[in-house]
Each structure stands twice: as C-alpha cells, then as structure tokens.
C-alpha cells in the first residue's frame with residue numbers, strides 16, 4: 001500500500017469496522033482490528049468470522065484481532081476509529097496516550113456529539129490535540145454487509161491534507177471498493193450524520209404502510225434539510241450532491257439492510273423505542289436527531305423532518321401524529 005503504513009489499526013470490530021478491515025486486507029494491507037470484547041477478537045482469530053456483527057463474512061488471514069488497545073495501536077501510522085459517535089470521546093481519552101505521533105486519524109462514525117454539538121473530526125482534534133490535516137473521514141453509501149460480500153461500492157475519503165487523502169484512497173482501493181477523495185470534511189460529516197435521521201423517517205413511513213411517493217418526498221425534503229445545515233456550516237453543496245450526501249442518503253433510506261430504516265419500520269409498526277432497540281445494534285439516528293436538531297437551531301436552520309423524528313423518538317409523538325404535523329405546515333415554494 002504505497003504511501004501508507006503496512007499495518008493499519010481499525011479500532012472497533014462492529015459491522016462497519018470489520019467490513020473496512022476486510023477491504024484494507026483485500027487491498028493488500030496488514031490490519032490490526034481492535035475489539036472491545038476479548039471473545040470477539042478470539043473468535044475472529046480462530047475462525048476468521050465475526051458472527052456477532054458481520055455474520056457470513058470470511059475474514060482474510062492478514063487481519064489480526066485483539067482486545068488490547070496498546071497492541072492494536074503500536075506502530076500504526078493510520079488509525080481508523082470505528083466506534084459509535086457518542087462513545088468516540090470516551091474511547092479516545094483512553095487511547096490518546098497510545099496514539100503514535102503524527103498518525104492519520106480517520107473517523108468512521110456518523111453522528112454529532114450530544115452536548116458539545118461537535119462533529120467527529122472536531123472531537124478527535126479536541127481530545128488528541130491532532131492538527132486538522134491529520135484527521136480524515138470516510139463516509140458514503142456503504143452498507144457493511146454488502147461490502148463484506150464484495151459487492152461494488154464507492155465511498156468518500158475526506159481530508160484537508162491531499163497527501164493523506166490519496167494514501168488512504170490507495171489503501172482502500174480494492175477490486176470492489178472505490179474511494180474518491182474530497183477536501184470537504186464538513187460536508188462529508190454532515191451528510192453522514194443527517195442521513196440516518198431521514199432513514200428513520202423513511203422506515204416509519206414504510207412501517208405504517210405508506211408507499212413510494214411518501215418515501216421519495218421524505219428523501220428529497222430530507223436532502224434539502226441536509227443541504228441547508230451543511231451550507232450553514234460551510235460545507236460545499238457539491239459534496240452533499242455526491243456519494244457522501246445523496247448516495248449515502250438513498251442507500252440508507254431504501255435498503256432493508258439499513259439499521260436506521262429497519263428501526264424506523266419497527267416504530268412505524270407501533271413498537272416502543274425500547275422494544276425496537278432490542279432487535280438492532282447501535283442506531284445512530286436515534287441519538288443524532290437530538291444533537292443535529294440542536295446544532296441546526298444554533299444556526300437558525302429549519303429541519304422539520306428531523307424535528308418530527310426527534311419528537312417521535314424522544315417526546316412521545318406517534319408516527320401518525322408526526323405525519324399530520326408535517327402535512328399541516330405552511331405551504332411555500334420548493
């Protein structure tokens with residue numbers, strides 16, 4: 001892997017972290033995959049499978065799993081951070097003393113931190129003291145299970161340092177996974193953080209039996225919300241019209257493999273938040289709707305779909321009531 005260390009640390013053995021570890025290995029890299037639970041690491045090393053998070057995907061022998069963060073980070077000049085958005089800070093506080101100086105730190109998480117309203121790249125910089133050019137983001141229409149099956153996919157590698165971006169691009173470029181570079185870190189992160197919320201809304205609509213017209217309206221108006229927020233934060237609108245915006249939004253809103261859409265469907269069918277949560281791994285949109293709405297409010301950006309999802313998830317509003325609320329809004333030009 002020209003331009004990048006032969007060993008890359010992937011911190012987080014969930015579905016997405018494991019899938020990207022496989023991509024890196026398939027592209028010719030040596031990968032150390034950190035798992036929070038020792039039994040997950042042991043299972044990966046002994047069976048080459050991660051049935052808890054990515055069942056059915058045979059992992060290459062060039063992936064070594066460990067539950068020891070010091071072992072995972074030792075000597076790695078590139079660190080992919082695959083933990084949930086709301087645990088990013090706590091994990092980084094533990095790992096910061098172990099991070100090699102000058103390492104490229106790559107966020108895989110899609111969310112806005114509660115309380116601080118920081119994007120993940122901002123959290124990374126805040127905790128580690130890294131310079132902004134050291135921090136990159138990978139985001140796009142990347143359903144982990146499809147990538148693990150080697151189905152063709154594309155993604156965005158966003159970094160203000162073009163050299164680091166190209167090095168990551170080369171490291172990830174396999175026969176089935178095509179990365180594109182982009183200097184717009186803000187737009188790439190906002191697209192990834194917001195699309196999960198819109199996918200929840202799409203799932204809710206499907207869950208109560210609504211059709212394609214409704215889904216198309218949700219996706220399109222959801223994109224308008226994402227663009228409004230992104231541009232208010234300084235994002236390039238073209239980024240949000242690309243893989244990290246429209247691409248990720250369409251995949252997450254339309255695929256039955258999407259956790260956020262599936263969770264929304266359960267809510268639409270009348271399940272409680274707690275009941276739906278038992279059937280799904282981490283669903284970032286449930287938390288992100290709160291932090292994204294607060295961020296939008298601080299910039300005076302209107303996000304009615306996000307507000308409706310927030311009310312359903314956190315304020316006790318029913319899905320039917322949310323639809324009535326949205327349809328009752330004042331009419332205006334598109």
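Backbone N, Cα and C atoms are what each Cβ position is placed from, and that goes for glycine too.
Taken verbatim from Swiss-Prot:
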type	residues	note
BINDING	16, 36, 37, 110, 144, 259, 282, 284	NADPH binding site
BINDING	110, 140, 195, 248, 258, 259, 260	sn-glycerol 3-phosphate binding site
ACT_SITE	195	active site, proton acceptor
Fewest other Cβ within 10 angstroms of its own Cβ, chosen from the binding-site residues 248, 284: 284
C-beta crowding around residue 16 (NADPH binding site), within 10 angstroms: 24
Per-residue Cβ crowding (10 Å cut-off), top of binding-site residues 37, 110, 195: 195
Binding-site residues listed as 36, 259, least Cβ neighbours within 10 Å: 36
Among 258, 260, the one of these binding-site residues whose Cβ has the fewest neighbouring Cβ atoms within 10 Å: 258
Rounded to the nearest Å - Cα separation of residue 284 (NADPH binding site) and residue 260 (sn-glycerol 3-phosphate binding site): 7
Collapsed DSSP category at residue 258 (sn-glycerol 3-phosphate binding site): coil
Neighbourhood of residue 140 (sn-glycerol 3-phosphate binding site) by C-beta distance under 8 A, where only residues 6 or more apart in the same chain count: 153, 154, 155, 156, 243, 244, 247, 248
